[in-house]
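Database features (TrEMBL):
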- 386-496: domain 'TMC' (DOMAIN)
- 66-88: transmembrane segment (TRANSMEM)
- 164-182: transmembrane segment (TRANSMEM)
- 261-279: transmembrane segment (TRANSMEM)
- 308-331: transmembrane segment (TRANSMEM)
- 343-363: transmembrane segment (TRANSMEM)
- 398-416: transmembrane segment (TRANSMEM)
- 454-477: transmembrane segment (TRANSMEM)
- 498-524: transmembrane segment (TRANSMEM)
Amino acid sequence: RDFQQADTERLSRWKRWKKTSSKSLKKALSEVKGLSSYLVLWRRDVHSIEEKFGTGIQSYFSFLRFLVLLNFIIFILMFSFITLPTIISKYGIFNSTIVNISPKNIEDNCTVYEPSGNKGLVYFYTYLKDLLSGTGFLEVTSLFYGYYTIDAAWISIMRYNLPLAYLLATFAYLALSLIWIIKRSVGGFKQNLLHDADPFQSYCNKVFAGWDFCITDPNAARLKHRSLQCELQTDLHEEKLKQKIAERTTKEKLRIYSLRIFINIIVLAILSGFFYSIYRVTVFSQENSNVSIRNDARTNAANLLVQYLPSMVITLANFIGPLIFSFLISFEDYTPAFEIQLTLMRCVFLRLANIGVLLFSLWSQISDCGTDKCKPCGYNYKLYPCWESDVGQEMYKLMIFDFIIILAVPLFVDFPRMLLVTHCSCKLVQWFGLQEFGISDNVLEIIYGQTICWIGTFFAPLLPAIATIKYFIIFYIKKISLTHTRKPAARPIRASSSNFFFFLVLLIGLILAFIPVGVSIAHIPSSKACGPFRNFNTSWEVIPDTILKFPTGLQQVLFGMASEAFAVPFFMI
């Protein structure tokens, strides 16, 4: 310090002032950063969970907080650029007007869309059914694609191109999600590389740096002791297994590989069974729910059940599948660590592929052109006059049903089980004990919901608002569940590896979401009876249509960038 002070005295007055100002600014920024940490959502709650249960469980709640913030920002984006301009122009605020361009060269049949909005005297249970299924009064609100049937808006003296804004906002929320996830996953990836670099290093980490100093609760400390002991035992067991694998004879190798091939065939058969069930149920639901709405042949309760059949079958598959996979993996003779990873990846594939099969089933119905049903419009306009809203309703129902299940499990399963364990001394009940708080299962649950949100936002622009509220409530449900009705897992996962795994699976979910949204934008003909893309064959056509209005030189540059010769190498890099 004395040396620096003497050095400062030799400086000119200007340089001395500059150095002092720089130090003062750094100090002020540091204090602002410190104060802003108090504004972080659930800061105290997350610290409390970290103190009691360690960093592994804390990483799950931090991940949940990330999804709340991500969905809130996506909602702000979609509301600001799509919903707000539409509302302003429809109600004539700021001297705004709507520009509606009549569709050209399109048959009148294609432009007929009569949403089943409730009219006259409506019973309460009808409102409840509409709230759960996204039909009736909800179908004609700004929640769904069909509401945005304007081509442009004049807000004061500015012409606002809603179709272009709708498409660019869709690209923006997908790009924002991708960049943010990659940014968040880099830190976990580095730590994971260091942790998995060398078995001896992993052993040293456990012995010398394995203790979690955030733990202050005695029960959590005992759990951590058992966890470290279990990790060391697992490492020894894995070393023995590696030695055993190295000593296998050709006959033993042949037997194990044959068994693994056979089990994987069973897994594929089970997955195929689930996928086919979802496909058949979706087709049945779409055909019968539409019939019941038109003819009113069924009661509201029966109609709601038919509409929710795909969601129920998907939830059942998501519940049964992991149980079967956990049972089958025990016969495959893998190391414990690889067993967990393979089971999780199978569960991830099952959950995300179920959504893909549901969308494929819907698209097969939308583009079903048998007996020239969709010849005039390019899609099945009789069954789906506004097919984008129908897809949005399916995503909405999946999200609502997923939320109902997450609410029901702690209330009707965990809570009664906790009462039994606390007040019943029966040996069988005590042997079962409290349900473990499995981090991986809970993470897969919310990633599944987030994938639904990413896919559904194009078809229901305000779906991120529902997802934000949903995850906000889930945070408190899971916190209460962890502290009162469940116990931490006996083998908790390390925070660094878990963070990387969470974001890796989230990235897989986002990549899956790109496919259906991309196909809907570029391949399937847009509805001619609703939405901002009525005057375009596909949603993507708004881009070249806008570019054609630019100067010739700029047109050539942009079309060159869109060509395969440029685009393929660019995206590869």
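FYI, residue positions are counted from 1 along the chain as it appears here.
Every residue, even glycine, has its Cβ placed from backbone N, Cα and C.
Predicted, not measured: the structure shown is a model, and the values here were computed from it.
When Cβ-Cβ distances under 8 Å to the transmembrane segment (261-279) are tallied for each of 66-88, 164-182, 308-331, 398-416, 498-524, the top count falls to 308-331. Averaged across the domain 'TMC' (386-496), pLDDT in this predicted model comes to 83. Sorting each residue of the domain 'TMC' (386-496) by its DSSP state yields 86 helix, 6 strand, 19 coil.
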